[in-house]
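Step one of this worksheet: look at the structure below.
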Amino acid sequence: MILAVDIGNTNIVIGLMEGTETVDTYRITTRSNHTSDEYGLMILQFLQLSNSSPDDVQDAIISSVVPKVMHSFISSMIKFLGIDPMIIGPGIKTGMNIRMDDPRSLGADLLADCAGAYTTYGGPVLVIDMGTATTYNYVDEKGAILAGLITTGIGTAAAALASNTAQLPEVQITRPKSILAANTKDAMQAGLYYDCLGGIERTITQFREELDTDFKVVATGGMSRIFDCPLIDIVDPTLIFKGMASIYAKNV
């Protein structure tokens, strides 16, 4: 098995992979002040919870948008697993043709998302990742990444609303029962949800209008589970791990 690690701005998600199948996942909060030993102990705990051991892990691959944390993770894997992990970045074969102004600016996580969507579902496909930011990336039928969009994630919007107002509280991000909110908490939850949902639906529609072609829409990321609207064809919470497994296979 291989260990796939997605280091994001808000969370680190660790996946135990058997080929392209995700055996188990483990989500922890991203903290730049954790030592490599602390991350190593978390990895061992995850393996134990997955009824696995370090001996079961043959290799590892990392996708990271937080360089400081990535370096700690690399050290932890070398020390606790005896593995120097593969890093998604320059020089790595992905099978994807990045046809954007600055290919190096495309985050490793988004590249893995696109690889996962294209290898699993084919193209053309619009990949939506709902995390700290909500991102959209369009992949054509030949596997070329042609366009990307970045906007505020719903969790980030909720945190900004609470921190920049005197009396509005922090609220849990959830799908509201109704848009007819009768108190402040429900009003915030419904407002945040439907504002974000409306943005997602309009953005998908705009892609269809400008591209004038049919394509699949695949959503992933921590918040995708609450936004399974009719315009989204597939919600795949392990999409990035499928992409990381695909990239790994091209480089061994």
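Backbone N, Cα and C atoms are what each Cβ position is placed from, and that goes for glycine too.
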Annotated companion of Asp6, Ile7, Gly8, Asn9, Thr10, Asn11, Ile12, Val13 at the ATP site, Swiss-Prot, chosen from Thr120, Thr132, Thr134, Thr135: Thr132
ATP site, defined by Asp6, Ile7, Gly8, Asn9, Thr10, Asn11, Ile12, Val13, Thr132: further same-chain residues with Cβ within 8 Å of the Cβ centre: Thr30, Val65, Val66, Asp109, Gly131
Which of Gly8, Gly107, the listed binding-site residues, has fewest other Cβ atoms within 10 Å: Gly107
Spatial neighbours of Asp6 (ATP binding site) among the recorded positions Gly107, Ala108, Asp109, Asp129, Thr184 [C-alpha, 10 Å]: Ala108, Asp109
